[in-house]
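Input: a single structure, listed below in structure tokens.
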């Protein structure tokens, strides 16, 4: 089955939410919903009234020019935004219906269930490849029932197993940039998150590594909800089914100008600014 | 220069012509454009030699009075500079000449900065090597009097004292210093600024003041009396700011992206510091610890007031007089007897060796990467 066919089928599944015998299994992963999200750095408002549904089985792409707040929005989704001392926000983010900024979910649990892959590969340099994969469990104070099995499974899901299977005890710093990024994906997957946020995961990588990561995203799509920020229009078209276009006018906070099915955003956008951006006329 | 290059290339070209094109690439002469050639060395040696002769001519034949020693060397060096410049300018042009002259001046600066270290280490080694043997390390001064030979007696009591006092001081200062550094760089609360200020100021604390403080509080006020432990406390005071500042700088270098990565996995902050930040900075932290130890291992003033000094072996650091190596050197060198003075130089050499061992240990501890000896051992321990 080709990737495109899979995408279409998944979309219909999530769109209609009906169960018939011919449909593929219900996609795993959590549903993330941003409701009226605004954000500030100090007195400067960078994001205003963002409402996006990020459903399971669907890759959601956040696109837009630099400085429009899409990375800030992504960091709000797993409470990384508040690491900046002057940051504040309004609105709420619901993970399967629970507010992640509420008291019901501890912050460490939020971050474990909503994993993040960063722009620059950041494996832990003081750990081996295997230890890097297991780092999430160690850092959340949990024990793995079967260490070797979890390492292999996570690395396989990230598409890195065949390249590193014989050097799991080598330092992670010795891998290439693309391999390091896939190791970071494996590290995020090892704690079994419901959602995986990716902040321009391929911007520091070469085309071959980029393709490997995109393949990985395709393979993971049915196991975990993926939200990806990207500057690359082709990449957004290739990997995502849902797409949100962010834009910030000068001295104004970023807003979602248009969102919807990716083919709609790229094929027949309603807002002229979206059409200009996706066709490369600015940004 | 052009002529030299042509001569160098000629034989290679002759070889190339009869060969086929494939072999030609293989046989092409390898050039290292930045390598020193004999001609360059000759230029410098010739300049230095002519400057030497010129200096000799001026000093020995022209001057009506005699200036010797240092002035001769300085004049030789000063004369070398313009001669070398003229020679290089003639052969390579003014740009190269200026470049070479600058290189020469800078290299001289580095050599002058290095020379005291080599002089001190060399002198101490020459003076001390005669006394150091096994018995010097295995005996004490208990039975050694003014009439004993220089190779009688030893500093076992001082060595034991130094190791114990340094060990206790390290045990106290390193956890405190690293915790303070973690506070300064990771938590950075309202106390961070004053703490950093005090730590900076404390590096300049005169060591005799630290000794006096411990002397009046621990030795006198509590009635504990002189002991190795009191010395450890004085050394701790001196070690703490050094370890703190060095460790903080090391922790600051750990990229923030690693902290974010750890937090994004759902880690509590303390675990991310313990399992990611500190291991990443491991090499630098080891260096910070060793820097602190090296800072205090040679301190004499504070231990003079707290440890007391003795000729007898006392392995218990918590009661009664102890000795240590700087104190041993201090006490021996004051003697008018030549044998005692020789032992003092032996002690000084041993102190240098101790510092050397500390630095080698720091490099070894810091150099082991993940998957190397240290982490493998750690994994084994976990199982």
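Cβ atoms here come from the backbone N, Cα and C positions, even for glycine.
If you look up TrEMBL, you'll see B:1-28 marked as region 'Disordered'. Here TrEMBL flags B:7-23 as compositional bias 'Basic and acidic residues'. Among the features that TrEMBL reports, transmembrane segment is placed at B:38-59, B:65-88, B:100-126, B:166-185, B:197-218, B:224-247, B:268-294, B:344-369. What TrEMBL lists as domain 'ABC transmembrane type-1' is B:159-362.
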Contact set, same chain, for the transmembrane segment (B:224-247): CB under 8 Å, 6 or more residues outside the stretch:
161, 164-166, 168-170, 172-174, 176-178, 180-181, 184, 199-200, 202-203, 205, 207, 210-211, 213-215, 218, 281, 284-285, 287-289, 291-293, 295-296, 299, 302-303, 305-308, 314, 316-322, 324
Region pair the transmembrane segment (B:268-294) / the transmembrane segment (B:100-126), three or more CB pairs under 8 Å:
no
Counting CB pairs under 8 Å, which listed stretch among B:166-185, B:197-218, B:344-369 touches the transmembrane segment (B:100-126) the most?
B:344-369
Remote residues contacting the transmembrane segment (B:197-218) - C-beta distance under 8 A, at least 6 residues beyond either end:
180, 224, 230-231, 233-234, 237-238, 240-242, 244-245, 299, 301-306
